[in-house]
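Input: a single structure, listed below in structure tokens.
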Amino acid sequence: MKKKLLSVLLCAAMAATMMTGCGTKEEPAAAPAEETSAPEADTSAAPADTTGSDEGSAEGKAYNIGYSNMQLKEDFFITVEGGIHKAAEDAGYVYNTTISDRDATKMKQNIEALVTKGADIIIDFNVMAEAGSAIASDLAKENIPMLSVDCIYDGAYFFGVNNLEAGEILGQTAAEYVDSKFGGELEYIVNVYDAASGDEIKKRNDGVVNVLQEKYGVPDDNVVWLDSKQDDVKSQTMTKDWLNSHPDATKIVIVGQNDDRGYAANAAVEGESRKDDCIVVSHNADPAPIENLQKHVEDKDTAWVATASYNSHLYGEQIMDMATKILNGEEVEQNGYTKVTIVTLDNVNEYVKDRDAAIAAMQ
Amino acid sequence: MSKVKSLLKNSKSELSTVIMLVVLCIIFGVQSEYFFTFRNIMNIGTYASIMGTMAAGLTVAMLLGGLDVSQYSLAAMAGMIMGMMIEAGFSVPVTLAVTILVGILGGCINAFIITIMRVNPIIATMGTQFIFRGAAFLLTDGRYIRIDDPVYYFIGNGKIFGIPFCLMVMLITYIIVWYLLKYTKYGRQVFAVGGNIQVAKLAGINANRVKFISHIIAGVTAVMGGIITVCQTSSAMPNHGYGNDMDGIAAVILGGIGLAGGKGKVGGTLIGILVLAVLVNGMTLLNVQAYWQQVVKGLVLIFAVFIDALRSSKSKA
């Protein structure tokens with residue numbers, strides 16, 4: 001009997017601890033008490049049925065936002081979540097969030113829990129197109145719109161990067177460096193990418209290649225694709241091997257699909273003392289390229305000259321704006337795209353200042 | 001009164017888990033207005049169905065004093081094969097039959113390594129865990145496969161009289177395993193081998209055969225969980241279940257089956273599964289961050305092993 005009592009006490013203590021210590025508010029800080037119940041009443045007001053409605057956040061309508069997040073381990077996800085949370089609070093919305101940790105089953109269960117809690121819209125940042133499309137279809141049956149972030153789901157609104165366009169913008173910047181560093185001549189375009197990330201993400205490289213091939217007439221045979229299999233070490237080794245097998249090449253643009261690939265490629269370039277022969281550009285504006293650019297603002301002694309920023313610190317505001325319009329029944333483009341900023345040696349300090357100010361405002 | 005005492009005595013290993021389940025339900029019910037809604041209860045059942053189906057087979061392996069940490073990886077690999085077959089246009093019966101065969105094969109591999117090569121079950125299944133997971137990625141180079149077929153959708157998401165079909169599959173699995181353990185010669189042999197292998201051998205029981213069959217059962221229930229996963233998410237993904245490998249083991253231990261094996265009931269596992277499912281669901285409803293949920297699940301696992309140790313020390317005394 002003592003053991004049973006012990007079990008009950010331990011269990012109760014454990015549950016009480018997690019509820020007092022780990023829980024977060026279900027209600028928005030800014031919302032008045034009566035607004036907590038508003039979302040339930042709004043659930044039936046599907047966006048399709050409210051087209052043309054002039055109700056907006058400015059009138060204090062407290063929507064219930066369900067944010068299904070993949071993780072909170074990487075800067076990009078942390079910043080996006082912080083932005084969405086703040087934007088929801090500022091608008092006086094109910095905000096609930098979950099984390100699936102790359103588990104599609106958990107993602108589905110979490111979204112179901114968010115819907116149970118009265119979500120008027122599901123914003124999903126799990127980047128799982130297959131599972132996400134199926135869930136979007138289920139949600140549509142309940143007239144709950146879904147807004148996917150950075151990955152297009154069938155039947156859902158989308159907000160994120162226009163990968164091809166981002167690549168083309170980065171390509172323009174790369175071309176400027178080709179003109180100034182190589183005198184307007186280019187021999188090779190080397191892409192360090194991950195085939196497993198799919199065709200959509202590959203468009204980031206395609207965009208750069210399109211611009212550079214068109215401008216400098218680089219033959220297809222000189223456009224190289226190195227599949228790093230999402231491995232940093234492999235990315236560096238493959239780039240190094242390619243450079244060693246092309247000792248006479250002196251006008252090379254290396255395109256990293258993301259900054260991890262860019263970092264690895266740049267390490268290979270520096271390791272092989274080929275800085276003068278290469279221009280490295282990549283995507284994401286992670287801390288590594290930003291630090292590298294800041295370090296070389298004065299001496300310009302780096303091959304890694306540009307990274308495309310998708311302005312993750314602006315995601316939250318833009319996503320919430322799109323979500324509000326969807327819920328208000330306003331006309332919204334199916335796909336919304338984030339602003340792309342190319343961060344270079346010339347604008348890195350200004351970019352960091354603006355970014356940090358925006359992030360500070362979230363906290 | 002004596003009947004009640006007898007019932008308590010015979011079911012005491014599950015009783016603490018039942019009390020835990022009830023306490024959790026009360027706490028979450030009080031804290032969240034959504035917890036006791038029909039929709040949420042069905043969500044708990046749906047969530048429990050994957051882990052629960054897998055744990056039914058795991059129970060048999062653990063009754064023998066073994067462990068199987070490869071179940072989720074085997075499920076992922078079988079799910080990828082299933083996805084590839086669906087993509088290639090194979091019919092539903094053929095696809096499901098082959099997927100189940102993959103489970104049998106995976107179970108045979110585990111059983112061979114454990115019984116013939118005499119490798120410790122934890123090490124053996126840890127090895128195959130890596131192999132199955134790696135194979136799952138290699139099959140499509142990490143590519144995900146979208147499943148868009150009403151039959152598979154029904155398996156994962158369909159309902160009969162409002163009850164999720166996958167939940168029914170789980171319950172039927174438990175009934176079959178319960179029957180196997182309670183009313184068949186094989187079931188008695190499982191308890192005999194798990195209780196004292198030397199005595200079982202002296203009694204003429206082929207312990208290796210019993211272990212072999214048990215790991216095949218664990219393999220089959222693993223891929224059944226994999227099938228439900230694929231159908232629920234409408235996608236075959238090589239990373240399905242990644243990081244969840246210990247959940248089933250925690251549920252089995254919570255349900256009263258000791259690490260030493262030899263005693264316990266599959267019904268206890270079902271209660272253990274419900275405890276974990278309720279815990280995760282309740283914490284999600286209360287906005288407890290996922291990483292804190294992992295901490296709590298870890299505490300629950302330690303708590304379960306602690307209770308198991310208490311039971312063992314008392315039975316030895």
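Cβ atoms here come from the backbone N, Cα and C positions, even for glycine.
Curation does not apply to TrEMBL; its annotations are automatic.
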TrEMBL annotation (transmembrane segment) - matching range among B:12-32, B:75-95:
B:12-32
Same-chain residues near the transmembrane segment (B:122-140), Cβ under 8 Å, at least 6 residues beyond its ends:
67-70, 72-74, 76-77, 79-81, 83-84, 106, 109-110, 113-114, 238-240, 242, 245
Interface check, the transmembrane segment (B:266-285) with the transmembrane segment (B:12-32), three or more C-beta pairs under 8 A:
yes
So which residues does the transmembrane segment (B:96-115) touch in its own chain, when a touch means Cβ under 8 Å and the partner is 6 or more beyond its ends?
66, 68, 70, 74, 77-79, 81-82, 85, 90, 121, 124-125, 127-128, 132, 208, 211-212, 214-224, 226-227
